[in-house]
Amino acid sequence: MGETEKIETHRVRCFSKLKMFLLAITCAFVSKTLSGSYMNSMLTQIERQFNIPTSLVGFINGSFEIGNLFLIIFVSYFGTKFHRPRMIGIGCAIMGLGCFLQSLPHFLMGRYEYESTVLGNLSSDSFLCNENGTQMFRPTEDPSECVKEVKSLMWVYVLVGNMIRGIGETPIMPLGISYIEDFAKSENSPLYIGFVETGAIIGPLFGLLLASFCANVYVDTGSVNTDELTITPIDTRWVGAWWFGILICAGVNVLTAIPFFFLPKTLAKEGSKDNADVVKNDKEEKQKEVKKENNGITKDFLPFMKSLFCNPVYMLFMLISVVQFNAFINMVFFMPKYVEQQYGKSTSDAIFLIGIYNLPPICIGYIFGGLMMKKFKITVKQAAHVAFWFSFIDFILYFSCFFMVCDDSSVAGITTDYKGMQQDLHIGNVILDDCNLGCNCPTKTWDPVCGSNGLSYMSACLAGCETFVGTGMNMMFHNCSCIQTSGNSSAVLGICDKGHDCSMMLQYYLILSSISSFIYSLSAIPGYMVLLRCIKSEEKSLGVGVHAFSTRVFAGIPAPIYFGALLDSTCLHWATFKCGESGACRIYDSTNFRHLYLGLPAALRGLSYIPGIFILIILRKRPLPGENTTSGAMPIEAKVTGNECQEMDQTSKVLSNDVLKTKM
């Protein structure tokens with residue numbers, strides 16, 4: 001009786017520790033996605049703070065994936081040999097360190113200075129149309145006066161910190177998922193992973209809300225008088241308090257690390273009936289690990305890699321992931337910028353709307369996907385079909401976004417002429433006009449005003465304004481010769497609003513995005529189960545790691561860089577500083593921006609369905625271990641071994657025959 005009680009106590013403790021691990025790993029997913037989503041949302045603010053192009057911002061963002069690459073294969077394979085919970089805890093602490101390093105530039109560099117014709121000239125009318133005045137803010141032409149400021153390279157701190165954050169994030173996904181797979185019931189693991197992935201949605205929700213708040217607070221708040229600012233959060237020169245949220249993320253990551261240091265290395269398998277065998281198997285497993293260490297820990301690394309590369313389902317799934325990650329990384333990272341440029345919203349509003357409309361449906365979709373796998377006992381073949389068709393439905397729905405558009409902002413001399421007529425954007429900007437030729441205005445300084453005729457101008461001087469009243473954002477300019485109206489020709493600071501019709505288009509776009517997010521998220525858990533079930537249990541951790549490694553090398557790192565460079569090509573006006581160097585982009589060609597942002601991901605996603613069809617064919621034609629030939633059902637525990645390259649050759653022949661039949 002005493003032995004039975006000990007076994008029962010052991011089973012209960014293992015069950016409760018598994019639940020503790022689920023709670024801890026869910027919190028880790030929340031903290032890592034909180035940091036990631038916040039960082040991604042602040043890309044525009046970082047671009048403006050350091051006055052760098054979008055392509056360089058993409059490189060900074062990709063540095064997170066570079067940090068992952070340093071350890072992902074090592075952690076995925078060797079991590080199972082060590083104490084997985086502790087490795088996850090160390091990773092969370094390193095993420096906190098990386099976040100802290102990212103915030104340092106704010107404390108090391110001076111106050112943010114934005115280009116303006118007004119600041120410093122309120123005591124005179126030199127920033128207005130003045131025939132006798134001197135041209136202000138002309139880029140310095142004397143090379144001896146052009147000394148690069150130290151703060152221009154401060155973005156390196158953000159890059160290195162992001163890389164360190166990527167290193168710390170490495171063990172969380174592969175070791176956390178493999179730990180659940182090893183010690184949870186096979187029928188329960190999809191549900192558990194669904195809840196963990198839900199944590200990966202709650203984190204971004206809080207991250208986006210935090211980013212929305214910080215983006216609405218001026219970067220140097222507390223050290224400057226915000227009443228004297230001539231810009232608002234909707235202005236493309238505005239920089240929010242990006243550093244404040246990163247400090248919060250650093251604290252959350254460090255706190256999340258603590259529970260993992262109190263969790264055991266191994267547990268009994270959840271729900272095992274023969275508890276004596278469980279204890280015995282645990283001892284045998286430890287003896288095997290000691291034996292492996294004595295024989296060399298890398299002895300089975302190459303055979304495992306060979307087995308993975310000879311598994312057609314695994315390789316095709318990895319190809320799909322790489323192509324689709326290229327599409328979704330671009331869409332997610334640059335979505336706030338797209339909403340800003342296309343619909344005329346501030347960064348704060350864009351981030352808030354994206355979080356409210358997209359994350360709850362994704363969260364619900366993850367839970368429903370996990371419950372669907374558990375309740376209907378969906379097989380690997382069925383899961384592949386569910387993932388494919390839900391994703392394809394979302395892909396078809398995605399094309400509706402091309403019709404939810406707004407016109408370019410009407411800026412005289414850039415997108416339109418001074419009469420408000422659309423001009424050819426390919427012939428370059430015609431900044432000056434007869435109405436402001438004698439004003440001696442700076443032609444490169446971006447300090448926009450909105451005229452009473454509904455047309456925007458690069459500055460009050462280029463609008464031909466001669467007088468002003470008020471201070472800060474309450475300034476109003478009068479007697480503007482370029483503003484042709486029947487009444488008083490006046491202007492106010494800021495670019496003109498895009499109007500009610502554009503706001504309605506934004507609502508349609510967000511609603512469609514919400515529906516699309518829910519449909520696609522339904523396919524996420526079934527799709528991930530195909531990845532986990534198509535490889536052997538002993539290869540699972542390495543397989544997940546190689547998959548993550550490939551998506552980072554071929555998608556996570558290059559995608560933001562090349563996509564950022566493509567978006568830079570649609571810029572119509574760059575910020576220009578005293579030495580003539582270009583800064584961040586101030587206004588884009590909305591039409592070309594939209595075609596790139598929506599068109600390139602659509603093309604990539606379309607290509608990804610070709611290997612998806614091949615996977616469905618393989619799973620239909622290929623006899624799988626554990627498959628019930630009479631009923632055609634396959635238990636979820638069954639694995640696609642793929643351990644011999646001869647099987648891949650046979651599968652390739654089947655695929656070739658099916659492709660030929662399809663063409664005929």
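One is the number of the first residue shown, and numbering goes on along the chain from there.
Backbone N, Cα and C atoms are what each Cβ position is placed from, and that goes for glycine too.
Unlike curated records, TrEMBL annotations are generated automatically.
For 20-39, 59-80, 87-108, 154-180, 192-219, 239-263, 313-335, 350-371, 383-405, 508-532, 553-576, 596-619, the entry in TrEMBL reads transmembrane segment. As annotated by TrEMBL, domain 'Major facilitator superfamily (MFS) profile' applies to 21-623. Residues or ranges marked as domain 'Kazal-like' in TrEMBL: 429-484.
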- Message: Within the domain 'Kazal-like' (429-484), what mean pLDDT does the predicted structure show?
- Response: 86
- Note on the structure: Sequence-distant residues near the transmembrane segment (508-532) by C-beta distance (under 8 Å, 6 or more away from its ends) are 177, 181, 190, 193-194, 197, 313-314, 317, 343, 353-354, 357-359, 361-366, 368-370, 372-373, 378, 380, 382-384, 386-391, 393-394, 397-398, 400-401, 404, 540, 543-544, 547, 615, 636
- Task: Grab the same-chain neighbours of the transmembrane segment (596-619) for me: Cβ-Cβ under 8 Å, and only residues 6 or more beyond its ends, written as numbers and ranges.
- Result: 312-313, 316-317, 319-320, 323-324, 326-328, 330-331, 334, 338, 380-381, 384-385, 388, 391-392, 395, 398-399, 401-402, 530, 563, 566-567, 570, 640, 651, 654-655, 658
- the transmembrane segment (192-219): which same-chain residues, six or more beyond its ends, come within Cβ distance under 8 Å? 22, 25-38, 41-42, 45, 49, 106, 112, 176-177, 180, 184, 226, 229, 233, 238-245, 248-249, 346-349, 351-352, 354-355, 359-360, 362-363, 366-367, 369-371, 373, 524-525, 528
- Do at least three CB pairs under 8 A connect the transmembrane segment (239-263) and the transmembrane segment (87-108), leaving out pairs fewer than 6 apart in sequence? yes
- Go ahead and report the DSSP secondary structure tallies for the domain 'Kazal-like' (429-484): helix first, then strand, then coil. 6 helix, 11 strand, 39 coil
- Task: Among 154-180, 313-335, 383-405, point out the range having the most Cβ pairs under 8 angstroms from the transmembrane segment (553-576).
- Result: 313-335
- Query: What same-chain residues lie close to the transmembrane segment (383-405): Cβ under 8 Å, and 6 or more beyond its ends?
  - Reply: 342, 372-373, 505-506, 508-509, 512-513, 515-516, 519-520, 522-524, 526-527, 529-530, 533, 590, 594, 598, 602, 605-606, 609, 612-613, 615-616, 619
- Message: Quick test of the contact rule: Cβ under 8 Å, at least six residues beyond the ends. What residues does that give for the transmembrane segment (154-180)?
- Response: 21-22, 25, 28-29, 32, 35-36, 39, 46, 50, 52, 56, 59-61, 63-68, 70-72, 75-76, 79-80, 84-85, 87-88, 90-105, 108-109, 189, 192-193, 196, 253, 532, 540-541, 544-545, 548
